[in-house]
Amino acid sequence: MSQAYSSSQRVSSYRRTFGGAPGFSLGSPLSSPVFPRAGFGTKGSSSSVTSRVYQVSRTSGGAGGLGSLRASRLGTTRAPSYGAGELLDFSLADAVNQEFLATRTNEKVELQELNDRFANYFEKVRFLEQQNAALAAEVNRLKGREPTRVAELYEEEMRELRRQVEVLTNQRARVDVERDNLIDDLQRLKAKLQEEIQLREEAENNLAAFRADVDAATLARIDLERRIESLNEEIAFLKKVHEEEIRELQAQLQEQQVQVEMDMSKPDLTAALRDIRAQYETIAAKNISEAEEWYKSKVSDLTQAANKNNDALRQAKQEMMEYRHQIQSYTCEIDALKGTNDSLMRQMRELEDRFASEASGYQDNIARLEEEIRHLKDEMARHLREYQDLLNVKMALDVEIATYRKLLEGEESRINLPIQTFSALNFRETSPEQRGSEVHTKKTVMIKTIETRDGEVVSEATQQQHEVL
């Protein structure tokens, strides 16, 4: 950026005249003053005050004497002073002129190098200002990109996701309630089915008992019919016997009538037989009526019992058919409820799978958006750091430029001072004793205080202290 040269080979005229300047060095390729960088680039930081003390030693003669600046060497160069009316020492003037020309040549070279360095600094400052403007435009562009829009989109998407999650949660809760209701209905139907099965078993048991009663009644009826037949046979037999007896009695009566006719003194047997017949007929009629009444009562009882059993059997069969129809309807309803439950469970699993996939997709979108936001924040922070670093560099360069400007102004004033002194010099011849007595050294200490705040020069103060040696 600037040409480097060794400080041991070249010594600045400023150093040779004013001594070492505190805080900076002109011998380095990029001679920049050493400033504390703390506080630059930080908004609201405390102001920093930089003080520089320049020691200027000037050798002044008597009235109208030649004043030369003090060199940084151990010895002090004392220029001879010429009084009025004395002879001019041309060899000394020639030496002074040669030294002045050499000094001017070195100063010209150093000023050219300083100009080159300042040109490079100006180019660098211009380049940094361009970069600073580009970064400022980039920062403004990033600020104008509406970062809140991303937050709004994020919040809107989050609200939509929350709404969908709430809808799915409500649907799942409703499906759970329906499933619980179906499970309760299924349990109730199962309990009712068990009750109906128990009732059917009781009806079947009653039917079996009724069947046993019917069988017993049938057997009793058959027995009674058999007994009726036997009684009818017995009645027929008794009738036959009775008829035989009647015939026998009639035959006997006829024989007795014959004997009566033969013997009128014998008792009347016809009346006795008639009485006996009447008695037997009465007894037979009574037995027949009693047998018929008993048979009729037994037949009516058996008929009533059979009718009751038939009614009970018919009612049991009807109830069994109703129970069978109810069982079939309940079985169909249970199958339908099982199918509905299976479809609801399948829908619930599908909803859960879809909800899980959508939730994972939303989580991926959220992670991607958060990663983009983090990336944008990191990029913005990086641009801000670069902008801050460039701003710090610019402030430091502004301070260095201001310092070099002050140094150049001081150097120009120092260069112009010997020319004016040399032009106003009255050459006169003096003796070495007079020159030695008139030469005295005047030391000037310049204290310059520069106060900067946030990289800008706020105030400057310069104090000079004169000391005669």
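We number each residue from 1, going along the chain as drawn.
Note: Cβ is positioned from N, Cα and C throughout, glycine not excepted.
Keep in mind the model is a prediction, meaning the values are calculated, not measured.
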| Of Ser51, Ser265, Ser360, which does Swiss-Prot mark as phosphoserine? | Ser360
| request: Check the candidates Ser13, Ser68, Ser300 against Swiss-Prot and report the one noted as phosphoserine. | output: Ser68
| task | Look through Ser6, Ser297, Ser357 and state which residue has the annotation phosphoserine in Swiss-Prot. | result | Ser357
| remark: Of Ser25, Ser91, Ser329, the residue that Swiss-Prot annotates as phosphoserine is Ser25
